[in-house]
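Here the structure comes first, spelled out in structure tokens, and everything after it is commentary.
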Amino acid sequence: MSEQPVYGAAAEAPKPRVKVRTHHLHKWKAEGHKWAMLTAYDYSTAAVFDEAEIPVLLVGDSAANVVYGYDTTVPVTLDELIPLVRGVVRGAPHALVVADLPFGSYEAGPQQALATATRMLKETGAHAVKLEGGERVADQIAAVSAAGIPVMAHIGFTPQSVNGLGGFRVQGRGDAAEQTIHDAIAVQEAGAFAVVMEMVPAELATQITGKLTIPTVGIGAGPSCDAQVLVWQDMAGMTNGKTAKFVKRFGAVGDELRRAASDYAREVATGAFPADEHSY
């Protein structure tokens, strides 16, 4: 006869975490399970987000703004993004890591897109790429997907096209809604495994999410999308000044970092640091 534990049932061993793959995202959509995506740009931050069990990390071309200090995402290059992606991949062993293809690296056609995506995966270890546009980049998505590289699409407001769109404006209002729907269907048919919808009216995003079999990832697209994404500095309160309407701050990391830096500088100036316990 087997022995029974004296004080209650034995605790079950925790299940090992599973590496997130694209098929998990499709399964979650079918089950109605919503998930979160965050940007990440370095090893240390990626490790924190992986510990927080964020399933998908995006090394976005938003690095142009929050890492390199550009006003838009247009100037950032492939060579500038690749080292960032490497760090994120190393820091997040469980997350699906998606790497943005920067402006100018895929628009010329399918062959350019495939060459850029191939280089990105070979040199970084990323698991998927993201590119902006709907029907106009369907051929690029098809070529990259056919080569076995998962593609996340991006429709609605596309930051790389900010100059052509006349600034940061909501997309898909009025007559433009039909084109946004066409874009969503086009990227799905081209082989995208998911699609980001940015600054799209919530009602339209709900309609598109219901039409597609692939997950929709909202950023300023209302609550009905299958997932949500934010730039981590916006989410955690790292950035100063005015943020977009769709941003909610879940922390005050910037304030805490400033406090820590000020305390450190003060203790160095007064001789309080390093103390005996910090010395050999």
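Cβ atoms are placed via backbone N, Cα and C, with glycine included.
These come from Swiss-Prot:
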type	residues	note
BINDING	ASP61, SER62, ASP100, LYS130	3-methyl-2-oxobutanoate binding site
BINDING	ASP61, ASP100, GLU132	Mg(2+) binding site
ACT_SITE	GLU198	active site, proton acceptor
Beyond ASP61, SER62, ASP100, LYS130, what residues of that chain have CB atoms within 8 A of the centre of the 3-methyl-2-oxobutanoate site's CB atoms?
THR39, LEU58, VAL59, GLY60, ALA63, THR73, LEU81, ALA99, LEU101, PRO102
CB neighbours of ASP100 (3-methyl-2-oxobutanoate binding site) within 10 A?
30
Per-residue Cβ crowding (10 Å cut-off), top of recorded positions ASP61, SER62, GLU132, GLU198:
ASP61
Spatial separation of SER62 (3-methyl-2-oxobutanoate binding site) from GLU132 (Mg(2+) binding site) - C-alpha basis, Å
13
Measure from the Cβ of LYS130 (3-methyl-2-oxobutanoate binding site) and count the other Cβ atoms within 10 Å, all protein chains considered.
24
Between the residue listed as 'active site, proton acceptor' and ASP61 (3-methyl-2-oxobutanoate binding site): CA-CA distance (Å):
14
Where does GLU132 (Mg(2+) binding site) sit in DSSP terms: helix, strand, or coil?
strand
Using DSSP and collapsing to three states, where does SER62 (3-methyl-2-oxobutanoate binding site) fall: helix, strand or coil?
coil
As a whole number of Å, the Cα atom of the residue listed as 'active site, proton acceptor' is distant from the Cα atom of ASP100 (3-methyl-2-oxobutanoate binding site) by 15
Helix, strand or coil: which one is GLU198 (active site, proton acceptor) in, per DSSP?
strand
